[in-house]
Amino acid sequence: LNGCYEALDGGNTADALVDFTGGVSEPVALDEENCSGDLEKRKRLYQNLLKAHSRKSLISCSIRPESGDQLEAQMGCGLVKGHAYGVTDVRKVRIGEGLMSYFNKEKLYMVRMRNPWGSTEWNGPWSDA
């Protein structure tokens, strides 16, 4: 490991998880899965995430930069291209307020992520801002 962990600079999260845990990695490229246009595929992806999270799986995600110049580029929403985000929670949240939300069948699928190296935060809907 180049002498110490401090010497590490970047790398592939999936490879690191395999090396540290001895487990297996299952990468999913959302752009290749065409999840943005197909509601059923998005629901299936979310169910897989929910199942993996409930089984205490280690889940990470990132935004692949199109080119080397875009590495570390901050997007308008506050996320950074090329940074690894750990998934800290996966939930299905009822929409509405108070008791009425209990009877509402519409749900919002949410994934909470954390970038331990980042100095920026998500600033879109549901952010702290």
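Counting begins at 1 with the first residue displayed.
In case you wondered, yes, glycine gets a Cβ from its N, Cα and C as well.
Unlike curated records, TrEMBL annotations are generated automatically.
Secondary structure from DSSP puts H83 (active site) in coil. Counting only same-chain residues at least 6 apart in sequence, those with a Cβ under 8 Å from the Cβ of H83 (active site) are S62, I63, E72, N115, W117, G118. Positions annotated as active site by TrEMBL: H83 (among others).
Under the three-state DSSP scheme, N115 (active site) falls in the coil class. For N115 (among others), the entry in TrEMBL reads active site.
Under the heading domain 'Calpain catalytic', TrEMBL lists 1-129.
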What is the three-state DSSP composition of the domain 'Calpain catalytic' (1-129), stated as helix, strand and coil residue counts?
39 helix, 22 strand, 68 coil
